[in-house]
Amino acid sequence: MDFWSALQAIILGVVEGLTEFLPISSTGHQIIVADLINFGGERAMAFNIIIQLGAILAVVWEFRRKIFDVVLGLPTQAPARRFTANLLIAFFPAVVLGVLFADLIHEYLFNPITVAAALVVGGVIMLWAERRQHRIEVDHVDEMSWHHALKIGFVQCLAMIPGTSRSGSTIIGGLLFGLSRKAATEFSFFLAMPTMVGAAVYSGYKYRELFQPGDLPVFALGFVVSFIFAMIAVRGLLKFIANHSYAVFAWYRIAFGLLILATWEFGWVDWSTAHG
C-alpha cells in the first residue's frame, strides 16, 4: 500500500463516515471527492461497499443495547415485534425499486451535476419542512405504526438519486409524517441497518470479482476510518438535534450544490465526464 493509496482511503473513509448519517448525502460527497482525487473505476466500486459497511457497523455499535433488547424481546414482547415489523415494512420499497432501477440510476445519474442539483433541491425542501408547522404524533420509535413506516420507506427510495441523502429523506419524511425530530432521526439510523447491509451484500455479490487480495490493506484502512468517523457523526447528530433544527444542514446542502454548479458553469472544474 503506497502513500497515495493510503491517503485516498483515509480521505474517502472520513467522507463516508461523516456524511453517511448526516442529511447531506454521502453518495453525493463520495462522487465529488472521488473525482477530485482521481479515485474511480471498478476498484472504487468495491471500496465503497467496504467503507459503507464500516459506517453501518458504527450505528450497530452505538445502538447495540436497543438491538439486543429487540432481539431478546421478539418471542414475548409486542413492542419488539412491532418495531421489527416496522423496519421490514420501511425496508421493502427500497428492495423492490433498488433491484429494478439501481443499474439505470447508476449509469445515468451518478455524476456531479445531478448531485449538485439534488443537493440544492433537497436543501430547499429541508428548509420548508423545518419551518412548516406539523403536529407530533410519535415521540418515540416504539410508538410508530405500520403506515408511518411504509410512508418513510417510500420516501427513502428518493435517496436512490445521488445527492438526495438517505438519512435526509427519511428524517424529513418522518417529520412531515408526524414523528418528533428525535424519533425521525433514530428510526433513520435503525432503517439504515437493513438498507445498507442489504445494498452492500447485493452489490458485493454482484461485483464480487472486483475484490482483489492486493486491495485488502487499503480497504481495511478505509473501513476502520469510516467506522471511527461515523461514530463521531452519529453521536454528534444525536446531541445536536436535541436543541437544534436541521436548517444548518439545509443551508450547507444549498451552498455546496451551488458551488459545484458554479465551478461547472464558469469552467473552473470539468465535471462533464466525471463519474462516481
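Note that Cβ sites are derived from N, Cα and C of the backbone, with glycine treated the same way.
If you look up Swiss-Prot, you'll see 43-63 (among others) marked as transmembrane segment. Residues of the same chain lying 6 or more positions beyond the ends of the transmembrane segment (43-63) and with a Cβ under 8 Å from any Cβ of it are 9, 12-13, 16-17, 20-21, 26, 30, 34, 186, 189-190, 192-193, 196-197, 199-200, 203-204, 207, 210-211, 215, 218-219, 222-228, 230-231, 234-235, 276.
Non-local neighbours of the transmembrane segment (85-105) in the same chain are 141, 144-146, 148-150, 152-154, 156-157, 160-162, 170, 187, 190-191, 193-195, 198-199, 202; each lies 6+ residues outside the stretch with a CB under 8 Å from one of its CB atoms. Residues annotated as transmembrane segment in Swiss-Prot, with sequence analysis given as evidence: 85-105 (among others).
Marked as transmembrane segment by Swiss-Prot on the basis of sequence analysis: 109-129 (among others).
Under 8 Å from some Cβ of the transmembrane segment (183-203) lie the Cβ atoms of residues 20-21, 45, 49, 52-53, 55-56, 59-60, 62-63, 66, 86-88, 90-91, 94-95, 98-99, 138-141, 143-144, 149, 152-153, 156, 166-167, 170-175, 234, 237-238, 241, all in the same chain and six or more residues away from its ends. Under the heading transmembrane segment, Swiss-Prot lists 183-203 (among others), citing sequence analysis as support.
Annotation source Swiss-Prot lists transmembrane segment at 214-234 (among others).
Residues or ranges marked as transmembrane segment in Swiss-Prot (evidence: sequence analysis): 248-268 (among others). Sequence-distant contacts of the transmembrane segment (248-268) (same chain, six or more residues past either end, CB-CB distance under 8 Å): 22-25, 32, 112-113, 115-120, 122-124, 126-127, 130, 163, 165, 168.
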